[in-house]
Amino acid sequence: MLKATRKQADPYKSKLKVSASHSGPHPLPVEVTAAEEEQAATFGQTSPQKLSLKGSQLGGSILIGNYNYLTQLEVCENEMEVLDLSSLAQLETLKCSRNKLMELIINGTNLQTLVADHNYLHNISTTNTHPVPLKLQRIDISHNNFSELPNWVGACASLTAINASHNRLNNVAVLLRNYRITELVSLDLAYNDLKQLDQFPEGFSSIRSLQLQSNELPSLPDNFFAVTHARLETLNVSCNKLSTLPRYEQNNHAALVNLSLAGNHLNDSIFEPLHNAAKLRVLHLAYNRIGVLPAACVRNWPELEILVLSGNMLQQLPEEVATLGQLRVLRCCNNLLLCTPQLAKLAMLKVLDLSHNHLDRVNLLALVPSRNLKYLDLSGNLQLQVDEQQFKVCQSQSQRHWSLVDVSGNNRAALPTTKIRQVSAQRNQNKTSGPWTMGFAETPGSGDCRKLSVYQLRAANYGGSDEALYGMFEALEGRGRAAQEMSHLVPDLMKQEQMVKDSAVRDYMKFTLLAAQQQCGSVRSAALFHLTRTRAPSKVRPLKSKRYVLRMASTGGLDAYLIRRTSQLRLTKPDVIQKDQIHSMPDPHVLELILSNDDEYLVVGNAQLWSVMDIDRAAREIRKEENSLLAAKRLVDIAQSFAAAESLSVIVVRFRHLGTDVDHLIRELKQSVRKKPQPVSLPLSSGSVCKRTCCDRSNACRHRAIEQEPLAGRSSPSGQSDRDLLAKDKDDEFVLAHARVLQEEQQLEMLDETESVSESVLSEEQFKCWEYMLEQNTQLLFDKELNTISKSFTKQRTVPNAIMAATVLPERNDFTSNLMRTVTNKFISTSTPQLPQPITTSVPLGSYHQVKQAPPGHFGSALSFQQAHSYGYNLFDAKPRPKFHGGTVKRSAGPNSAYFGSLQRLMPYNFEYDFAVTQERERNILDEEEHDDDDFNEHESRMRKYWGVATTEL
């Protein structure tokens, strides 16, 4: 083989001269120097037959001509945009992968192999003399932009393999209607947009492997099994929209060995065409709507080795499952199982997953095989009871140490032997109150189930409830112990690095990984993620200090993505190993990112996961599960149905409640104002069954259909505008509820970035103004109105004895003071006020009058408004204000005081008072507050700047 390459040391002595034109109409051809001609002549050749230009930095338009004897050409990993090979009539093998090709012209006279994956091609042109490459045997055009296959593909009679995955194909009519292929063995159309398949021609009977996963197919052709049953061994139709399989009554000698139907809408009717698939070894039926596994089918699958039934509605497994002597992997998580067969008879069973079912009691002696079982998962069965004596007997029979893994995050070291309802209730409470929840899944390769090659670090409470540390370490071949030791050593190392004050904030992550590799040895890949709270003040909203930050350090091929509401962000860099890094520790990639309400999930996976699944598919699957553990398990099951054969490891962190204290207050306000939807019973259609329990899966459950009443009209902050502006249909109100909440939270975050908001329709603008007032001026408005009340008491000539007696009442806590404790205390406590009630029924005119009625419903906590009694707080300038002792008290009226009347009907006070009397008192003391008019005008202009509305004083 004559390999012509370009030396970087001296470009003038290179054997190959290439001229590439980006803009010229006639690109210059590739030429060979005289030295190369002499070398070719010594071998008895007039021109080289094999030419490799891999990684030669070729760009632009390339025209290669005058090479009549060139048979093999490799131009991979360049930056070519146009490649014209129309003059190479003797070319047999062409490899042009990983370029930027948008146009490719080939000569199909003798072409046998065409590999053009990872480009931007949407068509491949041929010459007029040979429009169809009749000798073509293999074509790979995956990872391109094809919307349909080239029109000459179906006429290539010698084709044996077609790979057109990861394109934009919406149909393959060109291939099926003009089908002249006689020996096609493999067809890969996965990861496209196929919505329909026409009837298969008779020539399709030769196919053995058909990949159709991750498409939009609602059904397979009616003659599918009639044509393919004799030779088809591998069929993958996972993640489509199949509801049934085509029937074929004469399918007595089906050749199917590997069948993947995960992630569809299949029901119990699919087992009829699979009844006689006696050669079946691998069956993936996860995440469908299967309720019963027929015992007759199980008896006809004696060679079954892998059976995956996760995410269905199975209530029991047939006893015939215990007769599958070759079964190695059985996954039935996320079902409705109440009992299990005696699986201890399965001597070859190595992986058993029965998690997230309804199991209450398990007989380990009848369930667990004594010797070969490597992984047993019984987590998620909330009422599960295990006999501790049975556990000890099984452990002694296996003569091995059993490692217990608690997936709940409580780090329990023992099996649950009794029902613990309190722990379950506390666990559910933690799920709703924490800033994030974590789920993980890991499994060995399907070929070798002996050990894991990827180890995880899961420290959910690393430094407290709002701090976590996660990591993933992939071992080198035969060095799994180094990765395992690193996962145990990293937490202590990072605490030591955090104590170093001289280094940068995020450098402790980098040095932690380097120190771990120095002590434990090198690993193939490593990734470390630290979630913690930052208290850096915001520039626009000073109170918005409760922020969370994600810090990451990674090396190798582990990939991590941050899934947001409308996009996905890759956190790790592509794995590029340089020559100087082969025998040295690579420099970790460090990243620091402030989390926001738009961030939904953090997904970390090893290279095997991302080799069969992209982030778009992963995000789509994760959003189908509310439980983070089930989301991680779903990714692993889907990846295995996509033919992932090696070890898989996934960590899924679901973010929620990442907002600030003010955001939490606003969220609680919205929940108290809006009427909560009440569940209603709807008539169930035939076959509609609750797919999962309500705690695990709520998105597809028909029993959770709810209806919400329309909001009571509040079209303006003052509540005095027309209510018809907010009138909506009940169904529309519930359907758009989630989108409306997301939009409101996004508007809260926009206040950190800008000080201007675009104009909108009247009702939306008024709602924004009301929301802004609640967020920015809640504290200010409480102080202002309570000060007004206190001043009115101090100006009265006669004070009832009952009220004066209230001054000696004890304080409720250190941060709250009684309203009438002292006359000089002009600024009242900001906690929820509790005014004393007068004993006498006669109340003087102008004094405080309290109406006895049931207090309105509370929202949130009084701690949301508490501050020290010595200081007030101004939300506009973020500065504490000192307490005045005597003299004229400065009025604490904000720019939104005009809307305080409307707020009174929403704020859940513990007292009520007459608004007319309050307004009369306010007019009587205006002479003391004239010097605050300038401040009020300034704030009023600011309100106009933000929202374009005018304010009026009450």
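The backbone N, Cα and C atoms fix where each Cβ goes, and this holds for glycine too.
Looking at 1-28, 29-56, 197-224, 673-700, the range annotated in Swiss-Prot as region 'Disordered' turns out to be 1-28. Same-chain residues lying 6 or more positions outside the repeat 'LRR 3' (110-131) and placing a CB less than 8 Å from one of its CB atoms are 71, 86, 89-104, 137-147, 150, 152, 163.
Under 8 Å from some Cβ of the repeat 'LRR 1' (69-89) lie the Cβ atoms of residues 20, 22, 27, 45-63, 95-107, 109-110, 127, all in the same chain and six or more residues away from its ends.
Residues 262, 278-295, 330-343, 345-346, 353, 446, 633-634, 637, 640-641, 689, 691-692 of the same chain sit 6 or more residues outside the repeat 'LRR 11' (303-324) yet have a Cβ under 8 Å from a Cβ within it. Residues of the same chain lying 6 or more positions beyond the ends of the repeat 'LRR 9' (255-275) and with a Cβ under 8 Å from any Cβ of it are 213, 225, 229-248, 281-294, 296-297, 300, 308, 621, 637-638, 641-643, 687. For the repeat 'LRR 13' (348-369), the model gives a mean pLDDT of 88.
Taking Cβ pairs closer than 8 Å, the repeat 'LRR 10' (279-300) reaches residues 238, 254-268, 270-271, 306-315, 317-321, 323-324, 326, 331, 634, 637-638, 640-641, 689, 691 in its own chain, all 6 or more past its ends.
The list of residues near the repeat 'LRR 2' (90-104) in space but at least 6 beyond its ends in sequence, with Cβ under 8 angstroms from a Cβ of it, reads 59, 68-83, 110-125, 140.
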